[in-house]
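Single-structure report; data block below.
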Amino acid sequence: MSYSAKIGPSILSSDLACLGSECVRMMECGADYLHLDVMDGHFVPNITFGHPMVECLRNCVGPDPFFDMHMMVSRPEQWVKPMAAAGANQYTFHLETTTNAGNLIKEIRESGMKVGLAIKPGTTVEELAPWAGQIDMALVMTVEPGFGGQKFMEDMMPKVSWLRSQFPSLDIEVDGGVGPSTIHKCAEAGANMIVSGSAVVSSDDPRSVITMLRTAVSEAMQKRSLDR
Ligand code: DX5
Ligand code: ZN
């Protein structure tokens with residue numbers, strides 16, 4: 001087993017006027033990486049921030065924190081180089097936004113970033129499968145992308161289970177409505193990279209929530225390896 005349990009807070013639910021200190025706070029509370037949600041108002045009905053903000057965040061947090069860029073944008077090709085230059089580590093684009101995923105994967109790698117491939121709830125996992133051998137991470141959305149604080153869609157779990165069975169060492173991320181009450185479903189299905197926004201950021205004790213989420217994933221991984 002080559003993957004491990006990692007928790008990536010989504011800072012979308014934090015006070016956006018304090019993004020730098022919120023990123024630092026999440027890392028101090030034990031986050032394994034930071035999940036940064038970029039929205040363009042076209043692919044999703046909301047706008048957040050772009051590469052200038054990412055560059056400022058990188059300067060603020062230093063070189064170490066891993067930035068997983070969740071690109072909810074209509075033209076992901078446009079932002080590969082600017083995001084790499086701004087200090088992004090992984091570029092996660094949506095399969096729905098491109099007709100040439102292969103080329104985009106190549107461009108992301110050539111820019112020195114890892115590759116994540118995301119699917120919305122309405123996109124089947126079979127559509128992602130042909131690319132699974134070429135990517136570092138598959139993101140199964142568990143809400144319609146666009147907003148934090150939505151209800152977890154449990155009916156996405158078969159996608160995660162199927163991916164885990166087909167690609168045993170792939171990083172599989174879930175995003176949307178994931179917190180202490182829904183983590184067990186994700187962990188049992190086989191997700192190992194856990195995005196959690198409001199459940200972590202709005203908690204009085206983010207450190208405990210992050211630890212709890214990671215423990216749930218690690219225990220499910222151990223159980224799977226014993227069952228094999
Ligand atoms: C939604 C974003 C998520 C969101 C998660 O489109 O991709 O990353 O911030 O927030 P919660 O965990 O509150 O659903
Ligand atoms: Zn996200």
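Note: Cβ is positioned from N, Cα and C throughout, glycine not excepted.
Database features, via TrEMBL:
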{"type": "BINDING", "residues": "S10, H70, G146, F147, G148, G149, G177, G197, S198", "note": "substrate binding site"}
{"type": "BINDING", "residues": "H35, D37, H70, D175", "note": "divalent metal cation binding site"}
{"type": "ACT_SITE", "residues": "D37", "note": "active site, proton acceptor"}
{"type": "ACT_SITE", "residues": "D175", "note": "active site, proton donor"}
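Shown here: features listed in TrEMBL, placed on the structure.
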residue	record	Cβ contacts under 8 Å, 6 or more apart
S10	substrate binding site	H35, L36, D37, H70, G148, D175, V195, S196, G197, V201
G146	substrate binding site	M39, V44, P45, N46, M72
G177	substrate binding site	T142, V143, Q150, K151, F152, M153
S198	substrate binding site	S13, G148, G149, G179
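Screening the binding-site residues D37, H70, G148, D175, S198 for a C-beta under 6 A from any atom of ligand 2 leaves D37, H70, D175. The Cβ of G148 (substrate binding site) has 21 other Cβ atoms within 10 Å, all protein chains considered. Under the DSSP three-state reduction, G148 (substrate binding site) is assigned to coil, being neither helix nor strand. Apart from the site residues H35, D37, H70, D175, the chain places the Cβ of G8, S10, L12, L36, D68, T92, L139, V195, G197 no farther than 8 Å from the centroid of the site's Cβ atoms, the recorded divalent metal cation location. Taking the centroid of the Cβ atoms of S10, H70, G146, F147, G148, G149, G177, G197, S198 as the substrate site, the other same-chain residues with Cβ within 8 Å of it are L12, S13, D37, V143, Q150, D175, G176. Counted within 10 Å of its Cβ, the other Cβ atoms near H35 (divalent metal cation binding site) come to 28, all protein chains included.
Counted within 10 Å of its Cβ, the other Cβ atoms near D175 (divalent metal cation binding site) come to 27, all protein chains included.
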